[in-house]
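A.B. asks: The following feature annotations were taken from Swiss-Prot:
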| type | residues | note |
| --- | --- | --- |
| ACT_SITE | ASP40 | active site |
| ACT_SITE | ASN89 | active site, proton acceptor |
| BINDING | ASP40, GLU230 | Mg(2+) binding site |
| BINDING | GLY41, ASN42, ARG43, ARG44, TRP45, SER86, THR87, GLU88, ARG92, ARG211, ARG217, LEU218, SER219 | substrate binding site |
| SITE | LEU84 | site 'Important for determining product length' |
Amino acid sequence: MEIIPPRLKEPLYRLYELRLRQGLAASKSDLPRHIAVLCDGNRRWARSAGYDDVSYGYRMGAAKIAEMLRWCHEAGIELATVYLLSTENLQRDPDELAALIEIITDVVEEICAPANHWSVRTVGDLGLIGEEPARRLRGAVESTPEVASFHVNVAVGYGGRREIVDAVRALLSKELANGATAEELVDAVTVEGISENLYTSGQPDPDLVIRTSGEQRLSGFLLWQSAYSEMWFTEAHWPAFRHVDFLRALRDYSARHRSYGR
């Protein structure tokens, strides 16, 4: 037996959403600048909803990504990073992977639409997803403005360990090109030097990392950048992630005291 009658659920939901909005408006200065999101649970959502084809979950999840980014923009968040395809995901069934890459390509093109006026960057190795999808993603991203009020990173073909290795290699390659000695190469490997060569170079580290579907781990997502990030987990599968869930994450973040390891 349901405690709350169905006819009352929608009004109560709207009232709760309004209260969350009002509370956040009072703590505007405490909002995160950069939110990173692990969009987990698309396949589990599809199966729990009775769909044999998990690609339906991916499509519903893709629609939620575009919606969530609008929430970020409306809330005044400056930067959002969404984890769309990890290097581990590339080991999935070929047919499932092909469908997933096609859906990701479609949603990135939607995110990059001129009407949004968002600046979009890919983070990861597009060479891992095939020539045609990579071409479409590069074309979409390059069409977005460099200067905008809202920036989006789409992590595709991304692995946190791989990013750190790539950053160190890029750092050493630059030093070698400048004629560095072996001793100078060793001295060049610093926290600042690695940070400057990450995929997210020039951007602030994430203040808040959100993961859906009940999993409480980073799974290689922004390993270097999230050293002092606040974490927020929810049991909701990604396609079922609601605006009130997003607002609750912001509310909980605004109530925390960040010590940055001190």
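Here the Cβ of each residue, glycine as well, is placed from N, Cα and C on the backbone.
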A.B. asks: Which residues, sitting 6 or more apart from GLU230 (Mg(2+) binding site) on the same chain, put a CB under 8 Å from its CB?
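C.D. replies: In sequence order, PRO32, ASP207, LEU208, VAL209, TYR253, ARG256, ARG258 meet the Cβ cut-off.
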A.B. asks: For LEU84 (site 'Important for determining product length') and ARG92 (substrate binding site), determine the Cα separation and express it in whole Å.
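C.D. replies: The Cα atom of LEU84 (site 'Important for determining product length') is 14 Å away from the Cα atom of ARG92 (substrate binding site).
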A.B. asks: Mind telling me which of the binding-site residues ARG43, ARG92, ARG217 has the densest Cβ neighbourhood, counting other Cβ atoms within 10 Å?
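C.D. replies: Result for the most crowded candidate: ARG43.
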A.B. asks: What are the sequence-distant neighbours of GLY41 (substrate binding site), meaning same chain, six or more residues apart, C-beta distance under 8 angstroms?
C.D. replies: THR212, SER213, GLY214, ALA236, HIS237, TRP238, PRO239, ALA240
A.B. asks: Let me check the 10 A CB neighbour count of the residue listed as 'active site, proton acceptor'. How many other CB atoms are there?
C.D. replies: 20
A.B. asks: Go through THR87, SER219, the listed binding-site residues, and name the one with the sparsest Cβ surroundings, counting other Cβ atoms within 10 Å.
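C.D. replies: Minimum Cβ neighbour count within 10 Å, taken over the binding-site residues THR87, SER219, occurs at SER219.
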A.B. asks: Could you state the CA-to-CA distance between ASN89 (active site, proton acceptor) and SER219 (substrate binding site) to the nearest Å?
C.D. replies: 11
A.B. asks: Can you figure out which of THR87, ARG92, ARG217 (the binding-site residues) comes closest in space to the residue listed as 'active site', comparing Cα atoms?
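C.D. replies: For the residue listed as 'active site', the spatially nearest of the binding-site residues is ARG217.
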A.B. asks: Give the three-state DSSP assignment (helix, strand or coil) for ASN89 (active site, proton acceptor).
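C.D. replies: Helix, per DSSP.
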A.B. asks: With every protein chain in view, how many other Cβ atoms are within 10 Å of the Cβ of ASP40 (active site)?
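C.D. replies: Its Cβ shell of radius 10 Å holds 24 other Cβ atoms.
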